[in-house]
Structure formats: C-alpha cells, structure tokens
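Q: Residues annotated as domain 'Acylphosphatase-like' in TrEMBL: B:4-90. Among the features that TrEMBL reports, active site is placed at B:Arg19, B:Asn37. Per TrEMBL, the feature domain 'YrdC-like' maps to B:194-365.
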Amino acid sequence: LGHGSGGQLMAELLTDVITPELGLTAPLEDAALIGLNQVFSTDSYVVTPRFFPGGDIGSLAVHGTVNDLAMRGARPLALSLAYIVEEGLPLSELRDITRSAAAAARAAGVPIVTGDTKVVGRGAADGLYVTTTGVGMRLRDARPSAAGAEPGDVVLVSGPVGLHGIAILSAREGLGFDADVSSDSRPLNDLVAAMIAAGGADVHALRDPTRGGLAGSLNEIAAASGVCVEVVESAVPVPVPVAAACDLLGLDPWHVANEGCLVAFVAPGSADAVVAAMRALPEGAGTAVVGEVVEGVAGRVLARTLVGSSRVVDVLVGEQLPRIC
Amino acid sequence: MSTTERIEVHGAVQGVGFRPHVHRLATELGISGDVRNAGGHVVITACGPAEALAEFRRALHDRAPRNARVERITVTPGGTTAQDGFAVLDSGFEAGPRTVVPDLATCDACVAELFDPGDRRYRYPFVNCTDCGPRATIVASLPYDRTRTTMAAFPLCPSCAAEYRDPADRRFHAEPVACPACGPRLRWGDATGEEALELAVAAVRRGGVVAVKGVGGYQLVCAAADEDAVIRLRELKHRPRKPLAVMVRDLGQARELSVVDAEAAALLRSPAAPIVVLPSRTADLDVGLFLPYSPLHHLLLHDLAQPLVVTSGNRSGEPITILDEHAHAVLGPLVDGVLSHDRPILARYDDSVVRAGRVVRRARGFAPAPMPLPAASPVPVLALGAQLKHTAALAVGDRAILGPHTGDLENADTLAAFEHTAETLCRWQGVAPEHCAHDLHPRYLSSRHARRWPRDRRIPVQHHHAHVAATAAEHGVRGPFVGVAYDGLGLGDDGTLWGGEVLLATYRGYRRVARFGLVPLPGGEVAVRRPSRMVLAYLHGAEDFGGPSIPDLRPTAESALVRRMVERRMNSPLTSSAGRLFDAASALLGLCDENSYEGEAAVLLEAAAAAHSGPALDWTLHRRDGLWVYDPLPTLRDLVTCGDPAGVAAARFHTTIAEVTAALVRETAGTVRTVCVGGGVFQNRGLVDALRRELGEFAVLAGERVPVNDGGISYGQAVVAAARLAGRDC
Ligand SMILES: [Fe+3]
Ligand SMILES: [Mg+2]
Ligand SMILES: [Zn+2]
Ligand SMILES: [Zn+2]
C-alpha cells in the first residue's frame with residue numbers, strides 16, 4: 001500500500017524487507033557492477049495508459065534499462081525483453097508495442113537478444129507487464145556512482161523536468177494537458193558516452209530521475225555520498241506547461257517522473273567541458289547548471305528560492321500529503 | 001535558643017531578585033546564615049529562633065518578588081552556619097530540573113530612571129534591575145550568573161559594581177546590570193549611543209522602515225499611520241494582508257485604537273508584555289497591540305510620540321534574525337537603516353501573542369517557563385513538535401520545558417533554529433534526551449529529524465491526541481477526558497488526514513469516537529491555500545450521507561478540473577478537517593477565495609460574524625463504522641440558501657458548530673465530564689465561549705498558557721511520551 005510512487009515508502013520497503021533478505025549491504029544503484037567493468041540491470045514496467053504522447057510501454061522499457069546501464073557509465077551491449085500478458089490483450093497492440101521496443105533498441109544501438117512471454121488469465125494482470133534486462137560494459141575512466149559526489153561538485157540537469165509524469169497523468173486522467181506536454185522518454189547512452197569522453201572520472205555521480213523525480217535523485221545522491229546539495233530553484237528547467245499543470249494539480253515538478261534526462265555531479269574542473277559536450281547533442285541541448293555540493297548537513301538537499309531563502313527539498317512520501325495546516 | 005535548617009526553594013526563583021529578597025527577609029527577622037543559587041533552585045542555610053524561622057519560611061512563600069513563582073519549599077533540619085550576619089554566596093551547582101526565567105518588561109522604577117534627567121542612567125537604552133530586563137535571551141548556561149550570560153563581556157564600572165554588591169540595592173545581583181559607562185551601546189552606521197538613536201528616530205519620522213535589534217531578535221519598525229511605509233514593510237515581508245502588530249506608548253494610546261478591558265490592560269502591562277489581539281475601533285479585523293517592553297522601545301515610542309508597527313525582522317518563512325552580520329546582510333539592503341547594539345542575543349525569542357486570554361504564540365516573556373507533566377518522565381525526552389508554528393519541548397522529571405516559537409519548519413534556517421533551540425534546552429537542563437517524541441506525519445521536517453534516532457528510541461504521538469493532551473495537562477486534568485480537536489490537518493492513525501475529531505482520551509492513549517464528514521483536498525496544499533476550491537470539493541466529493549448537496553455553482557475554468565480530480569481521486573486525499581469546513585463556509589459567503597496567510601478565511605469568517613447572532617443552521621449526525629459523524633453538507637446548503645446577510649449567516653454557522661460539537665460530546669462522553677479542546681480552530685474568540693454555554697454540565701477547558709494551535713503540539717507530545725514511559729497517566 002502506498003509504495004508505488006517511488007519515494008520514502010519505497011526506500012523503506014527496500015531497506016527493511018528486500019535487501020536484508022538478499023543479504024545485500026550496499027544501497028542499491030540503478031545497475032550493478034559485476035567484476036571490474038560489466039554492468040547488469042533489470043527493471044519491470046507497469047504503466048497506464050500503455051500508449052502516451054511521446055512513447056509507449058515498449059519504448060519506455062527499452063529506454064529505462066538502457067538508461068539505468070548508462071547511469072553506471074556503461075555502454076549497453078544487449079537486452080532481454082519479457083512480457084506478462086493478460087488474456088484478451090489485442091494482438092495488434094502487442095505487435096505495435098514490440099515493434100516500438102525494437103525500434104527503440106535499434107535507435108539506442110543495442111540488440112534485443114533474448115526474451116520470454118507468459119500469458120495469464122483475465123484479472124491476473126493489468127493488460128501487459130514488461131521486463132527488460134540489460135548488460136553493458138563500463139566505458140574507460142567511467143566511475144559514476146550515487147555515492148560518488150564530492151564537495152565542490154557542480155550539479156547538472158540535462159534537460160527539462162516533469163514532462164513524462166505529467167504526460168502520463170494527463171493521458172490517463174483525461175486532463176487535456178497532453179496537448180502541450182509529451183513524454184521525454186529517450187535513450188541517454190550516447191549522452192553519457194560524450195560526458196565520459198569529456199570528463200572521465202570527474203563525472204562523479206549520474207542518476208536518471210525517474211520515479212521520485214529530480215527531488216528523489218538529488219536526495220539519494222546526497223544521502224549515499226554524505227554531502228549537502230544546494231540547487232538554485234530558478235535554474236532548474238521546468239517547461240511552462242508542466243509548471244502550469246503542477247500548479248493546478250498541486251504537484252511539485254521536482255517530484256514528477258522523467259524518462260529522458262539525467263542529473264550529474266561533476267568535479268568543477270571538468271564541468272565546462274562536460275556541459276559543452278552535453279549541449280552538442282540533441283538530448284543534452286537543454287543542459288543546465290543547477291547547483292553545487294556545499295558545506296552543510298550531510299544528506300540534505302536545499303533549494304535557494306527567488307527571495308533568497310533555503311527551502312529543504314524533501315522526497316515524495318506515498319501520496320503527497322499536505323503539510324500545511 | 002537558635003536552630004539551623006537547610007531550606008530549598010523551587011520554582012521560578014533565579015533571575016528574579018530572589019536572593020536579595022531572601023537577604024532582606026532574613027535581616028528583617030534577625031536570621032543569620034546564607035543563600036545561594038543551586039542548579040535551578042535556591043538553597044538557604046538559616047539560623048535563628050524557631051518562631052522566626054517559621055515566619056521566615058512563610059514569608060519566602062507569601063512575599064515572593066513580583067516575577068518569582070515559588071512552587072515548593074523543602075526544609076531539612078541541621079547544618080552549620082559560621083557567621084553572625086546573612087550572606088549571599090556565589091552560585092553552587094546541583095543536578096535537577098532548572099528554571100530559566102523568561103525576559104521581563106522594564107519595570108516602573110527603571111522607566112522612571114530612564115526619563116529622569118538627573119539619573120545617571122537617563123536615556124540609557126539598557127537600564128534594568130532585579131525586577132526587569134533580559135533573561136532567557138542572554139543566558140548561555142546555568143546557574144544564572146552574570147559570568148554565564150552575554151553580559152560577561154561588559155566588566156562592571158565601580159558604580160554598577162557597588163550596586164551589584166549591595167544587598168540593600170535594587171540592583172543587588174541584577175546580572176544584566178549596566179550603565180552608560182560600562183554597558184552595551186547602540187549603533188547606527190558609524191554613529192553610537194544617543195546619536196545613533198536620533199538617526200533611527202529621524203529615519204522613521206521621514207517615513208522610513210528601520211531594523212531594530214530588540215530583546216529576542218531584530219524587528220522591523222515604521223510609523224503605523226504612515227501608509228506608504230506600512231505598504232513597503234508589507235512588501236519586504238511578503239505579507240500582503242495579515243495584520244501587523246502595533247506598539248503604543250501607553251494604555252491611553254491603546255484605547256484610542258481598540259477596546260481595552262481591565263483584563264487586557266493587565267496583560268498589556270504584565271512583565272511578559274505580549275502582543276494582545278483586541279477588537280479594533282476603526283477596522284473589521286482585530287488589531288494586535290503591545291506596550292514598550294525594553295528601555296529602547298520606551299525611548300523610540302517617547303521620541304516618536306506615535307504608534308509604531310513593530311514586527312519580527314525576518315524574510316518571509318525565515319526565523320527572526322538574531323545575528324548582527326545576518327541583520328546587516330539580509331535586512332540591511334531592504335530597510336533605511338539598522339539600529340543595532342553590542343549585547344549579543346543568544347536565544348531567539350519572537351514577541352508573544354495572546355488572544356481572548358489564550359496564548360497563541362508563546363515566546364518572549366512566557367517561554368521557557370516550565371509546564372507541568374501529569375506523569376513525571378523517568379528519562380529525559382525531547383519532543384520534536386509539528387511543522388508550522390513550530391516549537392520543541394524537553395521533558396525532564398515532572399516538567400516540560402517548552403521552547404519558544406521558531407516559525408514554520410520549511411527551510412534550512414528554521415530547521416537550524418529548531419535544532420539550536422532543542423540544543424539550548426538540553427544544555428540549560430544539563431541532560432541528554434534518551435527518547436524523542438514526534439508526529440505521525442512523515443513529511444514534517446520534525447518527523448524527518450526523528451528518523452535520525454534509533455527506532456526503539458522514537459515515540460510517535462498522534463497529532464490531535466497531542467493537541468488535547470496539551471490542554472488537559474496544562475489544566476492538571478486527572479482521569480479520562482473528552483478531547484475535541486478541530487484544526488486544519490493532522491495525520492490520523494489510519495493514514496487519513498484528520499482535523500474534526502472527538503477523542504475519548506487519557507494521557508497514554510485515546511479512542512476516536514466522532515469525526516466530521518470526509519471531503520477530498522483536490523491538489524493537497526493547493527486546496528488548503530484556496531478556500532474556493534474547498535467549496536468545489538464539498539460540492540463534488542463530500543462523503544455521502546444521502547442528504548441533499550449544496551446547490552451547483554456557476555462553472556469556472558477551475559471547476560471542471562477540480563471535479564475531475566475529485567472523481568478520479570487524483571492527488572485528492574480525504575480529510576475530516578474542521579478548518580477546511582470553515583474555509584468553505586468563508587468562500588461560500590464571498591469572504592475569502594484565497595488565503596494569503598494561514599487561517600485567513602477563518603479569521604474573516606469570525607470577523608464577519610462578530611456583532612451578529614442567530615440560530616443554528618441545519619445539521620445532522622450519523623453513525624458510521626462505529627463513530628458518530630457530522631455531515632456538514634446540510635449546514636453548507638443552509639448557509640447559501642438561508643437568505644441571511646453574510647454576517648448573520650456567519651454567526652449562525654458558528655452557532656451550528658457549537659451545537660454540533662455539544663451533541664457529539666454528549667453522544668460519546670459516557671460518564672466523563674471534562675472536555676479539553678485543542679487545534680487552531682479554537683483560536684476563534686467566540687467558539688470556546690459558545691461551547692461552554694452549550695455544555696453547561698461539563699468543564700470545557702482550552703489551552704491558555706500553551707497555544708491551541710500547532711505551537712502546543714510539542715508540549716502535548718512530551719506529556720503523552722512521559723505518561724507512556726512512566727506507564728501511568730498521572
Ligand atoms: Fe494541528
Ligand atoms: Mg530503474
Ligand atoms: Zn527594573
Ligand atoms: Zn556601570
């Protein structure tokens with residue numbers, strides 16, 4: 001109950017229930033390192049609606065795993081694709097989704113090499129669940145880790161935030177915002193390769209702010225690295241239609257999911273080169289310098305507001321319960 | 001035939017001239033011996049005839065100085081005393097709960113000196129004596145002695161030293177004693193002393209806004225009658241409509257602006273000198289007035305000879321500024337000058353606010369006076385409070401030390417202020433808390449703070465249980481009570497948002513027995529800020545009891561979206577809040593569509609109802625899932641269709657809530673005859689009175705010394721945690 005939106009409750013589910021049973025001690029990253037340079041990741045996708053402005057569950061499942069590998073500085077080598085299909089799903093829909101997944105994998109330059117399909121009875125699943133697994137090889141000099149941020153690091157965001165979550169919500173609930181907002185779902189492996197080429201080991205931390213949004217990723221990195229992060233509120237690119245929708249719906253755009261941008265913590269000496277490399281690619285054209293690692297309470301994320309005060313940026317907890325009285 | 005005994009006096013006995021008072025009594029009665037401050041109390045060795053000693057003990061209790069409060073006197077026979085006379089000794093140190101005295105408004109004797117051209121402290125902005133002056137704001141640690149205050153940096157001149165050492169003098173051991181020759185000094189740019197004051201006065205006279213270093217923090221000051229200046233001050237505080245406190249020179253000036261009864265007059269002139277919220281003579285909304293409480297304020301009001309807006313010096317959302325560098329860096333660029341001085345402020349104390357005899361913001365003058373714990377806590381507990389109007393409290397033994405208001409916990413500075421306050425409370429008491437008590441709401445920054453504690457050291461306390469436990473504990477209730485908690489929102493133990501609740505409670509636990517009907521909050525905090533959206537929420541999503549809904553409204557651009565959100569339950573958590581019902585009523589009467597400050601819609605509804613009365617609107621109660629439930633829809637429907645003018649309808653709405661509450665209490669109280677109310681809705685001037693009229697056979701108690709709003713939550717948490725740890729209620 002209430003663990004679905006990827007915030008505090010999900011974190012507690014992981015630390016209290018799942019990782020202890022598995023005997024894992026380190027916090028989970030987007031992808032695991034095996035041996036020296038092999039990276040391994042898996043993710044399941046459940047999304048309503050299955051087709052949304054800017055993508056569908058097939059392309060999303062490919063982008064998600066490609067990006068999780070990329071966030072560990074890896075070049076993706078191969079993917080698997082597995083379906084759990086609810087009886088009654090139109091075959092044409094399954095064909096369209098598969099075609100979309102294949103196209104997405106081709107565009108990212110990764111082959112889908114294996115897969116699996118199970119059909120379950122009506123009511124045993126909600127239409128279609130997709131699982132993708134990926135393996136990759138770490139790029140030379142790539143060392144990014146959620147625990148890698150260091151004092152003085154510059155914080156970058158590669159593009160506008162909030163698009164994916166608002167597009168999905170609007171399409172699902174029939175709110176009409178999807179005329180102006182479509183998902184940013186796309187692969188980020190080329191972007192990461194360009195960043196590593198420009199900054200090497202100075203690219204300390206990478207995260208794609210999917211569930212839990214930008215605020216979640218910043219808090220995860222601040223906590224795992226034991227640093228204090230300060231972001232300038234006005235520097236974070238939030239598209240006007242996203243801001244307007246969030247205003248009406250009472251959502252914080254920093255809590256809304258993304259599927260096509262990343263947060264990076266880069267040593268100050270390499271920041272300019274990395275930013276330039278990012279902006280040279282279409283998926284990084286909107287790269288913004290949004291903040292830095294400052295002295296302060298470890299694990300805390302602050303947003304400097306327009307009036308100059310420092311708001312504490314919190315993570316999403318289940319439903320966004322109001323705090324004001 | 002002389003005997004010797006050791007007498008310990010407990011209570012508020014340090015920093016209030018208690019030792020010189022003991023010296024005078026002893027000398028008067030021919031008793032020899034000595035007196036000293038111990039940890040938080042006073043220890044006397046007294047030698048004399050048995051009769052004189054008995055008289056002495058009585059006098060200690062009955063003739064205590066004006067600011068002292070003697071709670072307990074213990075006597076142990078025996079001990080030795082070497083000298084003939086009576087001596088005042090330097091402070092010793094013993095463990096136990098300790099009292100820090102709240103800051104005290106300038107006494108009449110010091111005001112007389114301040115304006116006496118023949119006095120050596122004529123126009124000296126830091127004059128004080130054992131009866132008055134700064135206390136909690138300058139204390140670094142206990143026992144209370146000049147060396148452990150910020151006055152340690154100002155060595156006494158020979159004249160002050162003589163007064164300080166003379167047991168017959170009014171300034172005997174007045175720790176912050178000072179004079180123009182040896183004490184702190186004003187500064188305005190490069191100017192100091194009288195010249196600095198003149199420049200500040202001139203700036204205000206010209207229509208400026210100035211920052212002034214007060215007792216517990218910086219303040220922003222301008223002429224209250226100067227509209228342009230007030231508008232500028234409102235802009236720089238980002239406070240468009242919320243009333244601003246006005247400082248007046250004396251009661252005469254207060255009476256020109258408002259209606260001041262005897263009770264209000266006494267409060268205004270009390271040593272706490274709070275802001276008192278009173279009916280205005282000129283406007284619909286109440287006005288907050290206070291009198292000068294420091295020599296500097298007396299000088300400003302005297303020289304400017306007009307009422308001044310005096311409000312806390314902070315940017316919106318930040319805690320009141322206490323550091324000079326911060327004041328110059330942050331406030332300096334926004335104002336026409338900074339009137340500062342060189343006596344550091346160690347602890348942050350905003351001005352306190354009292355409304356209808358109830359403290360609604362507890363800070364300077366009231367905090368950190370200890371509050372009782374019905375069940376003593378076996379170990380020290382730090383109560384972390386809620387989120388808005390934040391306070392923290394420390395439970396030690398049989399008291400809770402309730403720290404001052406620090407503001408809304410949402411930014412790094414308020415969070416730091418909260419941590420500083422908590423640390424100060426622990427340092428003063430010399431304890432390390434073993435448990436923390438915290439709210440259930442996972443998103444409060446205070447709850448986030450709690451997660452730093454090991455799980456088995458955290459004591460979660462439900463928000464509304466804390467509200468009503470605070471009221472009960474303040475009044476020393478023993479045994480079960482009915483708790484009525486009406487406020488904006490607090491997280492319930494079932495994961496939904498509560499706020500219109502009746503609980504059958506003890507200090508350790510409670511059972512929810514009644515509630516208000518549920519309504520969605522479309523957009524969460526957006527719905528809290530926009531009362532007009534709450535109307536749509538009641539219209540489209542209120543809990544259904546089969547009765548008629550409110551009449552449909554003219555559709556707006558917002559209404560289709562809100563309706564969709566409500567129907568799809570999208571970011572629309574359900575609540576049983578009473579505060580949201582007041583918001584909706586206010587919006588339905590056209591009084592407030594959008595809150596510019598917390599509670600604005602309710603404040604306007606109450607103001608509209610003043611001077612009107614009328615019978616209750618329609619209301620119904622239902623049984624659902626074992627609870628009594630009030631369905632607010634018939635009331636809202638009647639509110640818009642009754643045809644009464646807004647003021648009358650607003651008054652009838654208040655009558656309805658009182659009747660409904662009385663009915664809910666009667667249905668659920670069983671044999672219990674004590675009702676404790678809490679929650680911000682009870683800041684309403686008339687609601688408690690109306691409830692008392694409705695519930696004649698019950699004792700209806702409301703928080704008086706502790707705010708009914710979330711400023712009282714930490715005290716309630718301390719009370720509940722202590723009772724649970726002690727395993728008994730009192
Ligand atoms: Fe509350
Ligand atoms: Mg993932
Ligand atoms: Zn005095
Ligand atoms: Zn002196």
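Any Cβ shown, glycine's included, is placed from N, Cα and C.
Since the structure is predicted, the reported quantities are computational estimates derived from the model, not experimental observations.
Quick one: how deep are these features, and who are their neighbours?
A: Residue counts of the domain 'Acylphosphatase-like' (B:4-90) by helix, strand and coil are 25 helix, 35 strand, 27 coil (DSSP-based).
For B:Arg19 (active site), the count of additional Cβ atoms within 10 Å of its Cβ stands at 23 [all protein chains shown].
B:Asn37 (active site) has a Cβ environment of 26 other Cβ atoms inside 10 Å.
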Q: On average, what pLDDT score does this prediction assign to the domain 'YrdC-like' (B:194-365)?
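A: Value for the domain 'YrdC-like' (B:194-365), mean pLDDT as a whole number: 96.
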Q: Between B:Asn37 (active site) and B:Arg19 (active site), what is the CA-CA distance rounded to a whole number of Å?
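A: The separation of the Cα atoms works out to 8 Å.
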